[in-house]
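Straight from TrEMBL, the features:
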BINDING   58-62, 121-127, 148, 245, 299, 348, 422  (6S)-NADPHX binding site
BINDING   59, 117, 151  K(+) binding site
BINDING   392, 393, 394, 395, 396, 421  AMP binding site
DOMAIN    10-205  domain 'YjeF N-terminal'
DOMAIN    210-474  domain 'YjeF C-terminal'
Ligand SMILES: NC(=O)C1=CN([C@@H]2O[C@H](COP(=O)(O)OP(=O)(O)OC[C@H]3O[C@@H](n4cnc5c(N)ncnc54)[C@H](OP(=O)(O)O)[C@@H]3O)[C@@H](O)[C@H]2O)[C@@H](O)CC1
Ligand SMILES: [K+]
């Protein structure tokens, strides 16, 4: 599991540890870890050109001390001081003593074999300032290593106000920061290296599942399992106009680990023709028989409202997607007030904007704004609807009403294809039916869906939604 802590938590842990250690210890730990990563990135250190971009805070201090370490190993180190009169004095003195030189020549950015971005770290506020901003637009071929956070990325949210420096590698200290795991910030961070500096941290508010975590959460049949004990998932999806959404949601559900899939809706014939193993009814969820979770809404068209109402009236977990979300946005959070079992919402940014408007009144915010502030959007929705919210996009953010957040980055841009979301909702609903808690079901669903998309794209691109379903495996 990757754990990401808020800046406030990092600051508190840093203060507690610093009180027990000689001054400068943490910065030296950080700089040593940073320099070690740089050494591995350079074909050889001796004679290579390194440019340090140093801001006026401790982030600049880390970069200067790391630069000094590289200079002592024979690198030719230049430093651009973004605010010369307020540079980290001890760090700069150490670099100069090791043979480093100050430069004001921006062309060094292109010439250097490696650039260290120590402009600003967790102390950043607002967009990059004028002295730093031009570096965000400059191109170069060798690696850019971000110190703790790519400058211009908000460490807590991943939001970028204006421009940010694009890194190939980010070396972060003590813990991951949410902004390194959530787009757009994550896309600026490149490969992440975590350097331990001894911080004692509370539970992380934001986590990201790794392969072994997912393996531990997946429902696997035991010797005594039968199909009912493995869970039955109900899918209420599709309409005369969109029968394919039903087929795709069912395809996802069949791959999610439930023991059986029931389908309720007007596409029963299409579904059973494609998947003879599915129990189908032309009716609505209320008359479909017992299930352990419902998936409602993909391609539901005009019937989505009735199906949603019946599913929400049940006492099992309900996942609401697509047309079900449009209906829910119209009804607002009151529609979920009497529920006794969890509800999971799986909006894309546009649907999230409509849900927000449904909860808070006023016109929906632009979808782009909801996507750019995806952590805040998912959290606000989870709190307003008291539901687990899976916000789809280049990093999927899953927010629980209790405050926990999981982020997932296993996807590929090829997943932005029609019907891909239907597969995800079926898959996640199946995991709910198999007994996973909502936050686990949604984050494991997003992980598996992203991996399936990648696997499908490795064989052939572009990919189709059905291929994504076919590539789900665990
Ligand atoms: N926590 C830990 O455990 C450890 C932390 N460590 C390191 O310390 C870093 C945090 O250092 P920090 O607190 O000094 O803040 P930092 O990120 O350097 O930024 C403040 C400076 O930037 C400026 N500035 C602000 N916004 C800006 C913008 N948009 N664009 C441009 N400039 C901007 C701001 O200027 P001011 O507002 O004062 O004018 C101020 O001068 C952390 O990321 C890690 O690298 C490690 O050494 C070891 C352990
Ligand atoms: K930085």
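Each residue, glycine too, has its Cβ placed from N, Cα and C.
Mapped onto this structure are the features recorded in TrEMBL.
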residue : record                   : Cβ contacts under 8 Å, 6 or more apart
59      : K(+) binding site        : 118, 119, 120, 121, 122, 123, 147, 148, 149, 151
117     : K(+) binding site        : 53, 63, 135, 144, 145, 146, 147, 150, 151, 165, 167
348     : (6S)-NADPHX binding site : 367, 391, 392, 393, 421
394     : AMP binding site         : 183, 187, 411, 413
395     : AMP binding site         : 158, 181, 182, 183, 186, 374, 407, 408, 409, 411
396     : AMP binding site         : 390, 407, 408, 409, 411, 446, 450
- Query: For the recorded AMP site formed by 392, 393, 394, 395, 396, 421, which further same-chain residues have Cβ atoms within 8 Å of the site's Cβ center?
  - Reply: 348, 374, 391, 397, 408, 411, 446
- Within the predicted model, mean pLDDT of the domain 'YjeF N-terminal' (10-205): 97
- Using the Cβ centroid of 59, 117, 151 as the reference point for the K(+) site, which residues of the same chain not in that list have Cβ within 8 Å? 53, 55, 60, 63, 118, 119, 120, 121, 146, 147, 148, 149, 150, 165
- Message: Less than 6 Å between Cβ and the nearest atom of ligand 1 is the rule; apply it to the binding-site residues 59, 117, 125.
- Response: 59, 125
- Note on the structure: Checking the binding-site residues 59, 117, 151, 392 against ligand 2, those whose Cβ falls under 6 Å of one of its atoms come out as 59, 117, 151
- Query: Among the binding-site residues 61, 393, which residue has the largest number of other Cβ atoms within 10 Å of its own Cβ?
  - Reply: 61
- Message: So if I draw a 10 Å sphere around the Cβ of residue 58 ((6S)-NADPHX binding site), how many other Cβ atoms end up inside it?
- Response: 20
- Packing count at residue 148 ((6S)-NADPHX binding site) (other Cβ atoms within 10 Å of its Cβ): 28
- Message: Test of understanding: give the count of other CB atoms lying within 10 angstroms of the CB of residue 122 ((6S)-NADPHX binding site).
- Response: 23
- Among the binding-site residues 125, 392, the one whose Cβ has the most other Cβ atoms within 10 Å is 392
- Query: Three-state secondary structure of residue 395 (AMP binding site) from DSSP?
  - Reply: coil
- According to DSSP, which of helix, strand or coil covers residue 59 (K(+) binding site)? helix
